[in-house]
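Asks: Here you go, one structure.
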Amino acid sequence: VSAHRMKRPWAGQVEKPPEEHIPRYDQRNPLCPRNTRANGEVNPDYESTYIFENDFPALQPNAPGPGSDQHPLFQCKAARGVCKVMCFHPWSDVTLPLMKKEEVVKVIDKWADIVEELGATYPWVQVGAARTHAHTDVWASNFVPNEPALSDRCQRAYYEKHGEPLLLQYAKQEAGKQERVVVETSDWLAVVPYWATWPYQTLLLPRRHILRINDLTTEEREGLADIMKRLLTKYDNLFEVSFPYSMGWHGAPTGPHLKEDNSHWQLHAHYYPPLLRSATVKKFMVGYEMLAQEQRDLTPEQAAEKLRNLPEKHYKTRETQETGGGEEKEDGGK
């Protein structure tokens, strides 16, 4: 952690501010209802979540094998699977923090359905969220990828040594200390993790032992919708922009692993936002960070305090009220 580096003058790359005036319907947006996508398919006039096969999938179920004539230094196997796209909402100008709670619950329910369906066959199902035209890419693969495989090994080692899930104990420790907590409820906890690399990186954890997102109760899904909206509203309020981030869920492996004991696993979600100093200055992984070790530009405690102290009313809804911009619906829709 090199928090003093935030004092140095910035002479690096400055991004163009995110577009704030996005049309509700954009005929150029391939995710909008009734629009034609690149492969000629036409989206239905959907009103809630909508999922379809990715038109340009990175994984395919019948990918050819590499053959058996391999040198030990050049090992490879066929990566097979399916890729889908899930839209959260029909409007282009609505992001998760601006959606109604019941609409976010539908997204969570669909995440759970996807993991249930694809997880019956595939060892790993990756779901998450992206900011633009609130949606996610879904990847289901015939292997457990690098990041969750590392997470599996670390959680298993801790469980075998201590007899309890690593992230369950971690959540208890963070809830007790409070210094890195951003938002919390009786069922959920969002923290800037002790090991965070990105400036405002957060970790979202359930308080009880849960293996996969499809194991959540109705009450826990409603609570999850609430804490997600609160966390993402704080993100947007930090620099008063629609905050960019990559987000994804990690839970116990599926497919053939469903029959195994995965008691060491704890469901959790990672949020990785790149913004550092402002809406136009991002953190880049360069030099020392690529060749030696990650470096933070502010402490996780400082980042958590900044986020925690932000209002939970979205800046766009405040602007609407201040300008008298028409009748306001719940969560900022007009």
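Cβ atoms here come from the backbone N, Cα and C positions, even for glycine.
Dumping what TrEMBL says about this protein:
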| type | residues | note |
| --- | --- | --- |
| ACT_SITE | His135 | active site, tele-UMP-histidine intermediate |
| COMPBIAS | 16-27 | compositional bias 'Basic and acidic residues' |
| COMPBIAS | 296-321 | compositional bias 'Basic and acidic residues' |
| DOMAIN | 153-318 | domain 'Galactose-1-phosphate uridyl transferase C-terminal' |
| REGION | 1-39 | region 'Disordered' |
| REGION | 296-334 | region 'Disordered' |
Asks: Show which residues of the chain containing the residue listed as 'active site, tele-UMP-histidine intermediate', separated from it by at least 6 in sequence, have their CB under 8 Å from its CB.
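Replies: Sequence-distant Cβ neighbours: Leu31, Val85, Met86, Cys87, Phe88, Ala129.
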Asks: Grab the pLDDT values for the domain 'Galactose-1-phosphate uridyl transferase C-terminal' (153-318) and give me their mean, rounded.
Replies: 93
Asks: Could you give the number of helix, strand and coil residues in the compositional bias 'Basic and acidic residues' (296-321) as assigned by DSSP?
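Replies: Result for the compositional bias 'Basic and acidic residues' (296-321), in helix, strand, coil order: 16 helix, 0 strand, 10 coil.
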